[in-house]
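Asks: I grabbed these lines from Swiss-Prot:
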BINDING   79, 111, 168  Zn(2+) 1 binding site
ACT_SITE  81  active site
BINDING   111, 144, 354  Zn(2+) 2 binding site
ACT_SITE  143  active site
């Protein structure tokens, strides 16, 4: 078979070379259009149909590459964006693929632009003209910020694959479920005054103390009520991330802020969390009206679990010779899972993601290509 696209390493180099940082800081945020166009060209050379869509009100794009007709098939998905990097911590060029000590260094090597190089290489090694079910490749935007790429895709697409593989770095473990993430900020507004007469003011730190006591009760309740046996940390976690208040030792504190996060297990919805927090703090809200303000900090991600009624997971396990596991981090699975049962499976370690000198250990290369080929041959032929 004549190869129509560059070698695996050359593709990898071309993907890492293009900066695609997603950030809530507009000065750092970058469009992914150049990378989307490059991927489109690669998949076009393999006779895939290309559909590029702009995410409304952004300079970001999704790409869906499709080959074959009919129902079902496989959707391989990855995000095109990376996090920002600290140039003082990196010892290598983040945008140049560097091979050293059996490792491939570069921003996005594991998280997760490199996954597209594996898909393209695998497709070059099999005769896809003989497939009986379609193959889809999805490249999304903004996974590292608000996951707007995945959220927009499920609103604008009508495909229904048999299952979806998200190629996030799982060390080639088959992840069937992961926790969600929701973060909050609470402001308590008091009245300042001289500390020599506390009765002349309202100390926001003292009210926040009551809030924290209630949240700690909620923490225990979540741990006891929503235990999930499949997770290494089998309960929803709550973390108090920061607390700030006061500006002088002799002044009654007028403003106190607390930031905290909850990572729910599957079975605990984001709506339930919101209701539980409101119920737990209701008495304090009533006692101190218009002084306690609760808000979400960032876009929330629900927990995800592969649907128990979908028996196809057993076939996937046997095909890959892998046993399913769980993860404590988040992916696009809760959103893509709305169009098809979703698993997370990809090369590299999550420990390298978001770190300086991010790298892919080359020991993952051969087994990853083998697994992708097996999935296509076992489920699309």
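From the backbone N, Cα and C atoms, a Cβ is placed for every residue, glycine too.
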Asks: Rounded to an integer, what is the Cα-Cα distance in Å between residue 144 (Zn(2+) 2 binding site) and residue 79 (Zn(2+) 1 binding site)?
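Replies: Approximately 9 Å lies between the Cα of residue 144 (Zn(2+) 2 binding site) and that of residue 79 (Zn(2+) 1 binding site).
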Asks: Tell me the Cα distance separating residue 354 (Zn(2+) 2 binding site) from residue 79 (Zn(2+) 1 binding site), rounded to the nearest angstrom.
Replies: 14
Asks: Select the most exposed residue of 143, 144, where exposure means the fewest other Cβ atoms within 10 Å, treating these as the recorded positions.
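Replies: Across 143, 144, these recorded positions, the one with fewest Cβ atoms within 10 Å is 144.
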Asks: With the Zn(2+) 1 site defined by 79, 111, 168, which remaining residues of that chain have Cβ atoms positioned within 8 Å of the Cβ centroid?
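Replies: Same chain, not in 79, 111, 168, Cβ within 8 Å: 78, 110, 112, 115, 143, 166, 167, 169, 331, 346, 353.
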Asks: Output the one of 79, 354 that, of all these binding-site residues, has the highest number of other Cβ atoms within 10 Å of its Cβ.
Replies: 79
Asks: I'm trying to understand the geometry here, so how far is the Cα atom of residue 168 (Zn(2+) 1 binding site) from the Cα atom of residue 81 (active site), in Å to the nearest whole number?
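Replies: Cα-Cα distance, residue 168 (Zn(2+) 1 binding site) to residue 81 (active site): 12 Å.
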Asks: Inside 10 Å of the Cβ of residue 168 (Zn(2+) 1 binding site), count up the other Cβ atoms and send me the figure.
Replies: 28
Asks: Non-local Cβ contacts of residue 111 (Zn(2+) 1 binding site) (under 8 Å, 6 or more apart, same chain)?
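Replies: Listed in sequence order: 82, 83, 168, 169, 348, 350, 352, 353, 354, 358.
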Asks: Determine which residues of this chain, when 111, 144, 354 are set aside, have a Cβ within 8 Å of the centroid of the Zn(2+) 2 site's Cβ atoms, and list them as they appear in the sequence.
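Replies: Everything else in range on the chain: 82, 83, 112, 353.
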Asks: Measuring Cα to Cα, tell me the gap between residue 81 (active site) and residue 143 (active site) in whole angstrom.
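Replies: Between the Cα atoms of residue 81 (active site) and residue 143 (active site), the distance comes to 7 Å.
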Asks: Per DSSP, to which secondary structure element type does residue 79 (Zn(2+) 1 binding site) belong, with helix, strand and coil as the options?
Replies: strand
